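*Asks:* Got a structure for you, written out below as structure tokens; questions coming shortly.
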Amino acid sequence: MAKSRYSRKNKGKKLQRAQQNTVSTEEKPEQEVETIDFNGFQIPKVYDGKFERKPMELEIKKGFVEGMNGDAKIFCNDDLLNLLTFEMIKDISNNYPSCVRQTANAATLPGVVGSLAMPDAHSGYGFSIGGVVAMRLDDPEAVICPGGVGFDINCGVRLIRTNLQREDIEQHKARLADELFKQIPSGVGTQAQIAFSPEDFDSIMKEGLEFLVENGYAWEEDLNHCEEHGKIANADPSLVSNSAKSRGYKQVGTLGSGNHYLEVQVVDEIMDVEAAKAMGITEIGQVCIMVHCGSRGLGHQVCQDYINLCMKSGICNPVDKQLTGVPFNSPIGQQYYSAMNCCANFAFANRGMITYRIRQAFETVLRMKPKKMDMHLVYDVCHNIAKVEEHDVDNKKVQCIVHRKGATRAFPPQHPDISEDYKEIGQPAIIGGSMGTCSYVLVGTQEGMKKSFGSTCHGAGRKMSRTKAMDNLTSKDVINRMKEMGIELRITDPKLAAEEADEAYKDVTEVVETCQAANISKIVLRLKPLIVIKG
């Protein structure tokens, strides 16, 4: 047996490589951890017999955590498994909540029929970020968990296509970056340029993107290319606290901060010509725009409000208090579900208002109408949400509440819940990379419905804490590297650029290729950035 001190003396070479690529949160005094070999990797000895390696999966066996209702799993190739083994060492030596443990913990919740994590997963609040957890609703104890959705409710991504080519905007790139940065407020606490009344804000929470269409800020056809057509039913604004409303009503059309961004991109490679054509993307060099943001202060406050309510109720006593929840059909469960839907509708409208500003900015700089530039929405997807869906459980159709936290719905061809335009190819899943790297568009598969509740990854996935990124990297170097790559970067606080550096994230290509190898989604095309707007 080997003994591991995770920062210096690991004997497993693969673990050492993971160690170089992954960075912990606050370090605590080290403890020696005895390790054993697992398929060529060093894992803590206490986990002996707790895992099974399958193609593109790490199966976490029932019993890894007491009270698990079944096995759990993480989709990963060998390189991504390296990172997980390092987290396991930290879990034991530092009491660090690893993604593996969090995925297993979620499998203990009442009513759960599946707990899994995507290749981009990393530890988060209670649930891993990249986690998918489904509970069967014919179990009266099945819970809904605010922490299983996260603080940025309906954080999501949308992609807008154009008929422009790279050469059409190359000479206007700097001015276009400036105009987008001016038109779209970004950064912590920023407010929108268009202020809505409290009454209108309630309408936005009920109607989502429909409100923008009715008031001339979005196109009718945008609705058909948005998950849930941009409006989730059962959204009652009276269940959203005044403090949450006060944080959100001036933020419709704002980007926010952290890993949220707007990118002007070009199509770099098309892997599935027919699927790309269905999306209106036909040429290498075609210009697209990607937007990644969510429900801003509104979603954060709603999540906190209902976490507090769930904890006070004492109904659910999970193995980790951050997993707190209540039965879905209980009064608090239904109140949270409705308030969450209000935030989701706000987020659809937020991305819709940003799109309105993008279209204006392109018109200002290029002196063409947005319709002439074919600035149509390809798709808008959520990746922090809980939804009622029908899935096969034990060979029966069962209604489930599916929590996706840092995971994208990716339904297969012919699924009734996707747009008619995409019935033949499957639901598009928009996957953003890290700052300065490529992004991808995927589509769902039939196998994904069986393996992952119709879910795939949502991005690259953080491997380095923000604090550690700032310690190890310099923002000046990150900004200079973007310039050398020919990328126009506009960022509200340049001192924080290192937080979002490429080195702080996993390789998005490796992530999406793992999803494809696991057959839970299929790669359609790749994009690379020309302009990056950050909060």
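Cβ coordinates come from backbone N, Cα and C, glycine included.
What you are looking at is a predicted structure, and each value in this text was computed from that prediction instead of being measured.
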*Asks:* Which single residue out of His225, His229, His260, His376 does Swiss-Prot record at the Mn(2+) 1 site shared with Asp152, Cys155?
*Replies:* His260
*Asks:* Same Mn(2+) 2 site as Cys155, His292 according to Swiss-Prot: which of His122, His383, His391?
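*Replies:* According to Swiss-Prot, the candidate sharing the Mn(2+) 2 site with Cys155, His292 is His383.
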*Asks:* Are there any residues in the same chain, six or more apart in sequence, whose C-beta is under 8 angstroms from the C-beta of Ser434 (GMP binding site), and if so which?
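*Replies:* Listed in sequence order: Gly459, Ala460, Glu500, Ala501, Asp502, Ala504, Tyr505, Val508.
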*Asks:* Other residues near the Mn(2+) 2 site, CB within 8 A of the CB centroid of Cys155, His292, His383?
*Replies:* Asp152, Asn154, Gly156, Val157, His260, Cys293, Gly294, Cys382, Asn384, Gly406, Gly432, His458, Gly459
*Asks:* Tell me, in order along the sequence, which recorded positions from His292, His383, Asn384, His458, Gly461 have their CA within 10 Å of His260 (Mn(2+) 1 binding site).
*Replies:* His292
*Asks:* Taking 10 A as the limit, how many CB atoms besides its own sit near the CB of Leu262 (GMP binding site)?
*Replies:* 27
*Asks:* By a simple count of other Cβ atoms within 10 Å, which of Cys155, His260, His383, the binding-site residues in the record, is least packed?
*Replies:* His260
